[in-house]
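To start, the structure under review is shown below, and the notes come after it.
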Amino acid sequence: MRSGGVNPNATSYNILIAAYCRAGRLERAMVYLEKMIEDDSCKPDHVTCNILVSAYAQRHMYLESLTVLNRLANMGCKLTDYPYNCLIGGFAKAGDIPRALCLLETMIRNGFVPNVFAYNPLIYTLCSSGDVGQAYELYEEMEDDGCVPNKATYNVLVKGLCKVGKPEQASHVVSKMIQNGSLPDPSAYSAVIGSLCKVNEVNKSCDFVQEMISRGCISDAVSYSSLIKGLKDLALLDQADILFRRMRERNLSVTITAYNTLMESFCSLNDMVKAMKLFRTLCDKGLEPNLVTFKVLFAGFINREQYDEASYILQMMLENKFQPDESYWSTLMGGFFEKGKFHKAKSLFLFMIEQRGTLTALAYKALLDGFLRKGMVNKACCLIDQMRKKGLLPHVAICIAWIHGFCHRGKFDVGRTLIEDVKGKGFLPDASTYNTVLSGFNGVGDLLSVHALVEEMLNFQLAPAIEPSNSLIRSIFSRGKLLPAYELSLRLIDAGTRLDCSVCNDIIDGLFKADRVNEALKLLEVIQHQFSRDKVNHE
């Protein structure tokens, strides 16, 4: 520009400085600030200051930003309140309250009147850090200076005061807020309600709600329901009960949510008498119970093992056109089994089929678990056959649990079949599951099944249990099958099964007598190696 005979003015410099700032090249922007200062034809103005202060502040370089502000102010540059607001907010958010407050004083001393953009970040940070007292002093100061707080100011301060246990002061702030034409957020008046309840000021809490209602801030039904929930969340159930009765005495509208909240509280305290009394009251008032109502009562009775009462709630759900999912039925069936009420459990199962037409594995599982727990093995066997035909075998983990359950009841053949079911799902049962069935067959002397399972386990590189393995080797050896007994012994030892010394000695002795010296020495070497390995692992 100068080469063309035109001197740059402040606008030219500001455009150039702003461009460098947008590009993130603040060092180049500062070079042109220096040139601008040295230029006799123009000087930095408030626009220059705003651009640079904002650029540094956006990058959280607040000290550099403050340096620019102070330098331009000391040069006599005419400033606006923007850079002060920008930096006060920046320092406040960074947690540097002392510097932010110092800058606020400087701003006032330089003739500027701080607005909400200066005060709000300070009040927010002070409340967040727990220094609500100083935040409240700033709030009073801004009112004295004629600065009208906005909704954000009030909400932050109200929540902060409630957090430190000053609900009455908070309610006063809410009143001032309404007078100034702002309505509090639901979270703000809920904070006041909860805080008053915490200090057992239920009456004042009710008065506060009434004031909010009378001012048209909130509806009565929603407000009282929120209040009851707040009391319940604070474990102030006695106060919630008092408030609930007061609502009814005043003929105030009570929502189903309020009933559900209080019923849930009574259920959590195992006071099902009061919970059911509320249920009958809401029905008498013409309110329709919803799914939450029944869910709360059902869970309450189940937790108290009052299964007949839970069954009644289930029936009520159906009468009110709600369809319980299978978890309700399954839980109730399990409860009836626990109490020895087998006929009720089975009747419930048949009723489920009647209601739903088809059932998932979850419902069958509940009945089968009950049969197993009570030793009704034949019924369990029939049921699992039905499940298999319907393709309803449940998750692998449940099948494995059933394997152990059936084997515990002496139904090893069912356990064996379930192993095949698990494999059919693409999973391999662990050695413990196999050995449960294996030990069962061994216990009843079914060595053919033992042999088949041992071979299967070895093929899957699983270690068969010691006792069945010893029994099998003895059986093979006693039938004169020396080499098969020898070969199987090697495979078992290699898989990690520790055979009895007497079994191994008999085979070694037989091999020597049969002039199978190499085989005898091989087995002896393998046994010694296993013994050494076990000794190292034990140490």
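The backbone N, Cα and C atoms fix where each Cβ goes, glycine too.
Listed in TrEMBL:
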REPEAT    9-44  repeat 'PPR'
REPEAT    45-79  repeat 'PPR'
REPEAT    80-114  repeat 'PPR'
REPEAT    115-149  repeat 'PPR'
REPEAT    150-184  repeat 'PPR'
REPEAT    185-219  repeat 'PPR'
REPEAT    220-254  repeat 'PPR'
REPEAT    255-289  repeat 'PPR'
REPEAT    290-324  repeat 'PPR'
REPEAT    360-394  repeat 'PPR'
REPEAT    430-464  repeat 'PPR'
Checklist entry - Averaged over the repeat 'PPR' (220-254), what pLDDT does the prediction give? => result 61
Checklist entry - Mind checking how the repeat 'PPR' (430-464) divides into helix, strand and coil residues in DSSP? => result 26 helix, 0 strand, 9 coil
Checklist outcome for this item: Counted with DSSP (H/G/I as helix, E/B as strand, rest coil), the repeat 'PPR' (255-289) has 26 helix, 0 strand, 9 coil
